[in-house]
Amino acid sequence: QDYTFRFQSSDPAGNPNFQLQQQWAEMVSEKTDGAVKVELLPVESIVAHNETQDAIAAGILDGHITDTSYFSGKDPAFGLIANPVGAWSAPEEMFTFMREGGGNELMNELVEPYGLHFIGATTPGLEAFVSAVPLEGVDDLKGLKMRAPEGLVQQVFAAAGAAPVNLPGSEVFTSLDKKVIEAADYTVFSTNHAQGMHDVAPHPVYPGFHSMPLVEISMNKAKWDSLPADLQDTLTTSVEEFAEMQVAALREADMKAVEEAKAAGDITVHDWSAEERAKFRAIAQGEWGKVAERSDNAKKVYDTLSEYLKSAGLL
Amino acid sequence: MAEHPSHPDAGEADAGHLREAGAIPEAGALGRWIDRGGIIFAVGIVLAMLILIQEVVLRYVFNAPTIWAHETTIFLCGAAFVYGGLYCAARDRHIRVVLIYDILPPRLRRAFDIAISLISAAASGTFAWAAWQMVKRAAFAPDGSVRLERSGSAWDPIYPGLSKIFLLTVLTLLAIQFLVLAWNYARRRS
Amino acid sequence: MELFGSLQGLGIESATLLMFVMLLVLLVTGMPLAFVTLLVALIFALGWTGPMVVPLITSRVYSFVASFVFVSVPMFVLMAAILDRSGIARDLFDAMKLVGGRLRGGVAIQTIIVAVILAAMSGIIGGEVVLLGLIALPQMLRLGYDRNLAIGVVCAGGALGTMVPPSIVLIIYGLTANVSIGALFTASFLPGLMLAGFYVAYVLVRAYMNPAVAPVAEPNEMTGAEKLKLLRGLILPILVVIAVLGSIYGGIASVTEASAVGVMGVILSTMVRGEFTLTLLKDAALQTLQTVGMIVWIGIGASALVGVFNFMGGINFVSSLITGISDNPTVIILFMMAILFVLGMFLDWVGVALLTMPIFVPIVTDLGYDPVWFGVVFCMNMQVSFLSPPFGPAAFYLKSVAPPEISLGDIFKSLVPFICLQILALAVLIAFPGITGR
Ligand code: NA
Ligand code: NA
């Protein structure tokens, strides 16, 4: 029996993330000898980016590839697991936690009640920080007018003394350009660069220090359960392979873009020292506990995460 | 294409203005209440403007933007947008293309009024049902306990949950309003 | 026969055709426009799959009303409603009449200039069309301008909001195509002014060929003092414009926030003139509620329709239209323009962008064209979509505030020459890509 699933991405069509996700769709078709076909749609085609979870549960969509933080409003646990600011300094650390540290099981515990099955995690990697003013460390964040998305990231920046506002992604460029904000949590360096963010904010911090989102690939649970076990396994492996491919591809694109940007000389790439990164990480970890208090699931995420980080010697 | 001349007693008034009476007579008592309720959401729009101004001042002059201004503004405007649709239905102010409608004899025109109102009521009722499916996920946690969906921001207000419930309420009222309109169009002698 | 899902048997080609026909037929019955699109969306949701898909529509309605970009719409409308209730607009146009002097069509040209200034203040359309419709249209009619010319100037001028940067159309294109938004803004600046220039030229040609369409003010015997008094009407509006543009370009307020600055400026102006009362504000706010109710519900219907069309596989359908059409790059581009025109007749620009950009942008880039240039071309094409019947948002926005004796038919008739000018500008843009500076 053949299966066709319609997935919606949280990225627009021309975004490198989306194009890589399309390769995942092709990968699925190849690995299953055409038994599973994934039709990938760009953000907002059927429902808005933060409505896909409901749409999957209702059977309107079959699955999504999206930043889990978009569902923080349903349960703060989603915000904490999606972006435990300061926990990971590289995508591989997060992937190991997901596969071996109980992360995958935890994610399924979180999404299953909502009618979804979590297939696996990916990430665009460590985001670069967009800034119009030179930032050398945590002290420079004091009073910084900046954009941060919903969830923990915003809370951490506020705790670090910045003045975060939540603006939609579509307002970031004009607000930076018109100096309404001085900095922004946006995305990875190469994409920031392509979208012209560095034209108006020439002091990026790379590698970033603040955010590495968990991007989940999930689908309708009933539809997942109806799949034969071998196809389930193939899908799970395909996501693991895809995650590594995406991270490698974007890392390469980032390094190329950084080289080009440095050579052009119009922008100054800032790199924080290990002490400054540690300082920011300490502030972030102070905020985790506050989120943990907001729901039972968030507490569970907090405990699992802290335990793992301790056992892995990362805390 | 021609344009609906609106209801009889508004013929001479400027469509953009509110100098004429509010809800059309066929909208009944419900329509009059909807018309009166408009002031709440009109005040909301003015409030949204003041909040934006306040935010600009706080951020630019005092370097202290709030975490609630943007979300509150969006919430107030969103509520006005949704209610505005109901408000226009009670006042018969939605834009209509009346190329055919205008050349119909009065009897047929009345039939059109009734049919359009009934179809709109059925559509609004279906949307209200669909909104209820949405509200079930926004107002209750998977375990069935009441928990309003929040925005997930640092401030984390319950606006998304409230907005979805409000949308359900307005769609339900809209369905009833169209039924009232159909009933009164049917009763009217022409 | 099972009703739910029965439409799927038609296939996407026939279903699309049926959808457009159904839109047209329902539109002329006199059913409220917003409910026509919502009803067609509902019929196709039920007919393609069944009731389980209907929450897609309410989800899109919720997301539509909860988006930040639309906050500036009630602000612009409120500004218009207050201006309309004060003497500011009348005094402004009396003063402009003086400044315009003996130039035929002077006030229409000044309206276009005001439209360009408004376009620099805002990134969307809706608010500006309403503002010009409430303020400039009655004044031009009062001064004896040809009604069609005045209507066209207001609608086409108001639509410039997305052609002159900042522009939400360009921002969404930039995010979709992953190209620099700054580069798009820079590239669209001259084409935007060029289009406004075409409108000015058209007004001049019409006015000088037939003086009756744009009467010149009587050479009245005014003393210097009287003229000076009249010119005072310019001061407050200019101060408001400086406050709004200054707050955007001075880095004080975001584009959306600046629209609130405009409202505050207008309220303060009425206070200075001694015209402010709470009743004035209350009436203006109630009118705003009604006008945004009309405007936003049209958008809601359009958004629902697009969601359902995408659900039916609209993106694949558009993709199948374009594949293998020709090897000639120019033919491909022109064919894309044709698709955009047709979609623009029935869908709003967000829907058109969602449907076509994922397919068009990679093709355009593969052909060796500059995606920034194509963004400006897309933006220009969407100018046409705002005006083209049967679904011409700018016409609907104007209708929501125009005197009742002006019918939608009158508005669409008045827009024909302006649509031609937009197509001319589009042709120039395609023939001479250098205009974008790329
Ligand atoms: Na603009
Ligand atoms: Na159109």
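Here the Cβ of each residue, glycine as well, is placed from N, Cα and C on the backbone.
As given in TrEMBL:
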- B:39-62: transmembrane segment (TRANSMEM)
- B:49-183: domain 'Tripartite ATP-independent periplasmic transporters DctQ component' (DOMAIN)
- B:68-90: transmembrane segment (TRANSMEM)
- B:111-132: transmembrane segment (TRANSMEM)
- B:165-186: transmembrane segment (TRANSMEM)
Would you kindly check B:39-62, B:68-90, B:165-186 and say which stretch has the most C-beta pairs under 8 angstroms to the transmembrane segment (B:111-132)?
B:165-186
Near the transmembrane segment (B:68-90), which same-chain residues lie under 8 Å Cβ to Cβ, leaving out any that are not at least 6 residues past its ends?
22-24, 27, 30-32, 34-35, 37-38, 41-42, 44-45, 47-48, 51-52, 54-55, 58, 120, 151, 153, 155, 157, 159, 162-163, 166-167, 170, 173-174, 177-178, 181
Can you give the mean pLDDT for the domain 'Tripartite ATP-independent periplasmic transporters DctQ component' (B:49-183), rounded to a whole number?
94
For the domain 'Tripartite ATP-independent periplasmic transporters DctQ component' (B:49-183), residues assigned helix / strand / coil by DSSP:
97 helix, 4 strand, 34 coil
